[in-house]
Amino acid sequence: MAAAVEGPELEAAAAAGDASEDADAGSRARPFLGGNRLSLDLYPGGCQRLLHLCVQQPLQLLQVEFLRLSTHEDPQLLEATLAQLPQSLSCLRSLVLKGGQRRDTLGACLRGALTTLPAGLSGLAHLAHLDLSFNSLETLPACVLQMRGLGALLLSHNCLSELPEALGALPALTFLAVTHNRLQTLPPALGALSTLQRLDLSQNLLDTLPPEIGGLGSLLELNLASNRLQSLPASLAGLRSLRLLVLHSNLLASVPAGLAHLPLLTRLDLRDNQLRDLPPELLDAPFVRLQGNPLGEASPDVPSSPVAALIPEMPRLFLTSDLDSFPVTPRGCSVTLACGVRLQFPAGATATPITIRYRLLLPEPGLVPLGPHDALLSHVLELQPHGVAFQQDVGLWLLFTPPRARRCREVVVRTRNDNSWGDLETHLEEEAPQRLWAHCQVPHFSWFLVVSRPVSNACLVPPEGTLLCSSGHPGVKVIFPPGATEEPRRVSMQVVRMAGRELQALLGEPEAAVSPLLCLSQSGPPSFLRPVTVQLPLPSGITGLSLDRSRLHLLYWAPPAVTWDDITAQVVLELTHLYARFQVTHFSWYWLWYTTKNCVGGLARKAWERLRLHRVNLIALQRRRDPEQVLLQCLPRNKVDATLRRLLERYQGPEPSDTVEMFEGEEFFAAFERGIDVDADRPDCVEGRICFVFYSHLKNVKEVYVTTTLDREAQAVRGQVSFYRGTVPVQVPEEAEAARQRKGADALWMATLPIKLPRLRSSEEPRRRAGLSLAPLNLGDAETGFLTQSNLLSVAGRLGPDWPTVALHLGVSYRELQRIRHEFRDDLDGQIRHMLFSWAERQAGQPGAVGLLVQALEQSDRQDVAEEVRAVLELGCRKYQDGIRRTGLAPKDPALPGSSAPQPPEPAQA
């Protein structure tokens with residue numbers, strides 16, 4: 001997000017830069033001590049460096065007024081360092097002791113180790129600004145309450161459960177932020193802060209406010225969002241200076257009527273509460289936001305907990321299919337889908353009953369809009385009807401597996417709106433270490449998917465100008481001067497890092513280095529009216545005092561161009577000790593390179609592609625009990641060993657292919673060769689070739705049945721499956737060797753793995769001659785119709801946890817049920833398929849088998865699957881009738897001599 005400025009002290013404290021260093025290059029930077037600012041928060045060993053300076057006592061240290069220090073340090077070392085501040089930095093005005101420089105696997109900021117402060121810090125007589133955010137404070141340190149000159153106190157993202165009464169004795173405090181803590185109550189003495197102008201208490205556990213809060217006569221902004229407030233004291237009407245009051249996401253049933261008479265109030269945010277009526281003056285006021293409230297509805301009986309009161313009244317639905325529908329009434333409802341989706345329709349979301357249809361789609365390229373450095377984390381959820389606006393936003397939760405630890409990335413829900421794709425404001429909720437929910441609010445339905453992307457920082461640029469900073473790389477900044485735009489326009493930035501070791505290997509140059517890669521985009525006209533200043537950190541290990549300017553290159557890329565352009569000679573590069581600054585009038589991609597190479601445009605393209613490549617292996621395994629069932633998979637190299645350990649109990653096959661490189665979202669396909677073919681009609685199969693799309697965080701697995709035209713009774717059949725890049729071409733080489741001869745990066749062929757169908761044993765010959773394995777398994781008879789292997793696979797995919805009930809209604813014994821569960825433990829799909837196909841083979845040739853299946857499905861309350869089976873049978877009969885009419889075999893009178901008897905109906909392919 002854009003850098004926020006909290007008064008002159010904060011502005012000066014934030015002005016101190018930092019160096020973005022590559023992890024492979026080590027720590028080469030020196031402490032940044034310039035003028036009256038000392039910034040050590042992003043350097044490893046900042047405490048050691050500060051202690052060293054305190055021992056040396058340089059004259060410049062006595063002039064320091066602004067200090068930034070990271071709290072990701074050893075607690076004892078941190079305490080010892082802070083104890084030196086009153087003696088060594090007696091003129092200190094601003095002290096920033098923040099955590100948050102390190103991130104967890106999801107990119108969230110980690111708390112620092114700070115749990116208290118030395119008592120001696122109260123001796124910092126000139127201190128006006130103290131930032132203790134992103135730490136582990138459970139109580140407010142006593143020394144803070146003695147800092148009489150303190151004007152700004154930031155305590156966000158700590159573990160505070162209460163604030164001390166003595167906080168009200170700070171006479172100069174104008175700004176207090178205690179967001180994202182555990183506050184349950186507020187001290188009455190808080191109302192004694194007569195100079196307080198901005199108070200932010202959002203994201204806590206407050207359920208009441210003390211009446212004394214109305215004594216904050218100077219208060220301009222009050223933020224109480226995302227608490228548990230059920231009521232507000234009438235004394236809030238006494239905040240005569242208040243201009244902004246944020247109360248969204250609470251449990252408020254009413255608000256004081258006096259709020260309508262606050263003379264300076266310009267914004268009142270009451271979204272997502274339980275308000276059922278408001279004073280008329282507020283109901284019609286343009287500055288009041290009321291979305292997400294059940295206004296006008298009858299008030300229910302008040303229970304002990306407002307949340308518990310609403311949820312039991314709301315209908316709950318649990319659906320196990322990946323394709324289905326459900327009704328929603330004005331009462332609202334809560335819906336849980338087995339595919340990892342939750343929906344919360346609040347009361348009043350729709351004025352009339354409506355049927356919602358949903359389906360979970362495979363992520364085909366046309367449905368997945370990915371940026372160059374995005375990664376897909378989920379399948380595509382389609383919710384219909386499209387575009388119908390709800391009267392209140394609907395809550396949507398999508399389950400996903402978190403990506404590997406990657407710096408400066410974030411997870412968002414992406415959706416389609418008015419023929420364009422955009423990202424929704426997304427919150428992450430952890431259910432288990434490897435199970436997270438992406439939560440967002442949606443005003444209407446469309447397609448939704450979960451995406452991991454580089455952290456995006458955005459702001460609205462007014463005509464007066466502003467500053468935009470990267471939250472992941474604080475050294476990356478964009479400065480918009482006054483007059484750069486006539487109308488406000490939205491701009492955004494993304495920053496991508498490249499490891500120095502990988503670049504050096506690519507160039508064959510040990511000293512080569514690059515800055516973070518910067519992508520800038522904007523809305524509105526393509527160019528700015530005045531040049532915009534861009535600041536990038538110098539490449540890792542390079543400083544402005546030591547670099548050779550002839551080796552420094554500024555590269556520019558504007559999609560859809562293929563190459564990167566060297567624009568070093570076209571701009572004026574202003575170099576400081578740590579940064580390079582230049583001016584531009586329109587936005588695109590920018591990259592600083594430091595290399596001895598002269599022509600770097602082509603090298604930059606290769607390096608940029610390297611950033612997007614994944615090293616993957618291809619796998620082909622055959623089921624041990626049925627070699628005709630082949631599992632095909634493409635997965636990143638680091639997941640191969642764990643996947644094989646999990647699969648090799650049930651599957652066997654060759655070692656994974658050699659490592660190949662693929663892009664996120666790249667298409668490829670598998671072709672069976674040398675006498676082996678796919679034994680089913682599949683929607684993703686074109687002329688016997690199975691289509692794939694690679695997504696690094698999805699399973700990329702397909703299981704197919706194969707057959708052969710060769711004689712397996714005499715000998716084993718040795719074939720192969722080959723993997724090729726790109727969409728399915730018109731012609732594919734019959735032998736992998738033909739493709740293997742191609743050279744270059746664009747070669748179609750990627751890998752070939754052997755497939756072996758063993759010779760049939762004599763005990764299997766009668767059954768094979770009956771057509772149950774060499775041809776698709778046909779369950780049923782000519783009178784009731786047939787189901788094929790493909791149809792049964794579709795049925796198996798729909799049963800889910802209901803399969804034991806279906807099995808018992810099919811006549812499967814309880815003992816056999818337990819055996820299947822034990823044999824295929826931790827494999828739900830294997831349990832279902834084994835049960836269904838074993839039962840089908842026993843029913844071969846028996847009349848009425850399909851009817852038994854339909855009856856068992858209905859008795860198990862799976863009417864949806866039963867109707868699907870009936871539709872397949874009806875389709876097969878219709879195809880059969882059409883076929884005999886086309887061939888002229890349908891007799892006008894079946895009793896006429898010489899009329900040909902029709903053949904059984906052709907099996908329908910689902």
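Backbone N, Cα and C define each Cβ position, glycine as well.
As annotated by TrEMBL, domain 'ZU5' applies to 322-454 (among others).
Here the Cβ of His444 (active site) has 15 other Cβ atoms within 10 Å, regardless of which shown protein chain they belong to. The feature active site is assigned by TrEMBL to His444 (among others).
Sequence annotations record features per position, and here TrEMBL assigns active site to Ser446 (among others).
The domain 'ZU5' feature in TrEMBL is assigned to 455-596 (among others). Regional average pLDDT for the domain 'ZU5' (455-596) in the model is 88.
Applying an 8 A CB threshold to same-chain residues 6+ apart, the list for His586 (active site) reads Pro526, Ser527, Phe528. The feature active site is assigned by TrEMBL to His586 (among others).
Marked as active site by TrEMBL: Ser588 (among others). In sequence order, Cys519, Leu520, Tyr556, Trp557, Ala558, Pro559 are the residues near Ser588 (active site), counting only same-chain partners six or more apart with C-beta under 8 A.
Sequence annotations record features per position, and here TrEMBL assigns domain 'Death' to 788-873.
What TrEMBL lists as region 'Disordered' is 884-910.
Around the Cβ of Ser446 (active site), 17 further Cβ atoms fall within 10 Å across all displayed protein chains.
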